[in-house]
């Protein structure tokens with residue numbers, strides 16, 4: 001039996017739970033929240049939907065329901081408000097994360113932890129410290145969504161199917177994230193060359209506009225509807241799918257990166273091979289000097305916030 005425990009039944013938690021249930025990634029999904037009535041209501045609603053899909057058990061309960069869970073997905077935390085940086089949330093959500101993981105560990109036997117609560121890079125590092133598990137068994141959602149936005153934007157500009165675009169956002173899931181233009185390509189053809197073929201100026205303004213689109217996307221959504229949900233929910237689903245199907249897929253998840261690219265003891269996103277045991281390998285391919293410098297700057301930002309805890 002594959003059991004997934006979802007901690008937090010807000011927009012993100014339920015978007016993930018719905019996507020995971022529809023994809024039938026597990027036959028037992030447990031919803032846990034400080035608001036037990038809300039969790040029960042969400043489980044009842046989602047269970048009704050599953051009657052039209054297939055035999056997926058949806059239920060709610062306390063932390064004791066984490067027993068036997070293969071994967072624990074943590075989405076609970078203080079809500080990001082309009083205009084508020086993800087890193088502004090650090091102290092409040094670090095405390096919440098510690099409490100949640102301490103409770104989970106009383107019942108769960110060495111699950112994989114998937115972190116989504118913001119600031120996700122800082123809290124992924126906190127989770128690794130609290131749980132004491134192997135580094136690859138605590139995975140932050142990181143820039144999986146940012147990379148998807150990046151690929152989608154590039155695909156739209158170039159007029160190609162997004163599935164042929166290979167491009168990564170690395171570093172912090174937030175304002176200091178870095179676009180790896182030096183590695184970006186369309187089925188092996190560098191984005192710079194694709195732009196030239198289409199008469200598009202591949203200059204600093206072009207690159208800054210594209211990265212700005214990615215960086216500001218969440219703020220634009222929050223400003224209009226108050227929160228994000230579907231994008232990050234599906235990103236979490238993609239990570240869990242890669243684990244449960246042992247895909248060895250490459251995703252830009254947040255993980256401890258000490259020693260990679262000369263970085264210190266922080267967690268941030270780099271392309272990682274994801275399989276049944278979590279993160280199997282961190283891929284640190286050669287990147288441009290300016291990208292290396294920007295990645296180091298992103299790591300310093302996160303290091304400062306970790307030091308402030």
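Each residue, glycine too, has its Cβ placed from N, Cα and C.
Here the structure is a predicted model, which means the values were calculated and not measured.
Listed by Swiss-Prot as binding NAD(+) are 12, 33, 38, 63, 77, 78, 116, 117, 118; the candidate from 85, 141 that the record includes in that site is 141. Using Cα positions, the member of the binding-site residues 38, 77, 118, 146, 228 nearest to residue 219 (phosphotyrosine) is identified as 228.
For residue 12 (NAD(+) binding site), other Cβ atoms within 10 Å of its Cβ number 27. Reduced to three states, the DSSP call for residue 146 (substrate binding site) is helix. The record assigns 12, 33, 38, 63, 77, 78, 116, 117, 118, 141 to the NAD(+) binding site, and the maximum Cα to Cα distance across that set is 24 Å.
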